[in-house]
Amino acid sequence: MRAVIIEDETTAVNSLKALLARNTVTPVEVVAELESIEESVEYFRHSPHPDIIFMDIHLADGSAFKIFERVEIGAPVIFTTAYDAYALQAFEVCGIDYLLKPVTLSSLERALHKARRFDTEERQAHIRRTNDMFQSHHTVKNLLIMLPDKFYPLPVEEILFFYTANERVSAYTADGKCHPVDRTLDALGECLDKRLFFRANRQFIIARSAIKDVDLWFGNRYSVNLVVPAPERIIVSKNKAPSFKSWMSGTLEEEP
């Protein structure tokens, strides 16, 4: 079994390699050790995909989930993380395995057993689920909110609007909470259900369920009022006004 390790901590790489050498499930050859998002994207664009990938969630240059947004991953992925198992239920739902740090031989062998049992159809289904969970061209039902010491799934249906400022994107919910989002508004615009969300301008993506009413604004623009306070006034431009009005009435049109 050919494996790729994506991990930015040398001690963690060496520990995992030692356990792989000791495992009694199947011989494993580590064909590449990658430390960053950029290095991983470059590797998977130009190299044969392995039989299995061990991927740490947090890398030095950001969340490893960004790799899936930029390149198709053609192998089953086993995530390694120091997070509590409860938070990893989001992965289990999609059939994605994980290893809690510090990785033990028994947990590693469990994951290898699972990967080895895949037949061709199951393997392809697993790969498809993994890519579908993170790639931006699919409509998502949950966003994974990353914090320094944990992460959690946030149902998209609970989000009233997204707002970006100072190169940071946040999701606002009805309970008044603000959640940091590890995606740009452009990426979110590709993965959100366009029947439910609209890109109002460069700062906002708004949910139809969040709209209280709309004021006619000078210059043939609209000023959108939400059911909760927004960080600044939400103005829909003259060019976007027709598609916004159609979207509000339930008719989808291409946004300008």
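From the backbone N, Cα and C atoms, a Cβ is placed for every residue, glycine too.
What TrEMBL lists as domain 'Response regulatory' is 2-116.
Taken from TrEMBL, the feature domain 'HTH LytTR-type' covers 149-250.
Over all protein chains present, the Cβ of Asp56 (4-aspartylphosphate) has 22 other Cβ atoms lying within 10 Å. Summarising the annotation, TrEMBL assigns 4-aspartylphosphate to Asp56.
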- Message: Please list the DSSP helix, strand and coil residue counts for the domain 'HTH LytTR-type' (149-250).
- Response: 21 helix, 45 strand, 36 coil
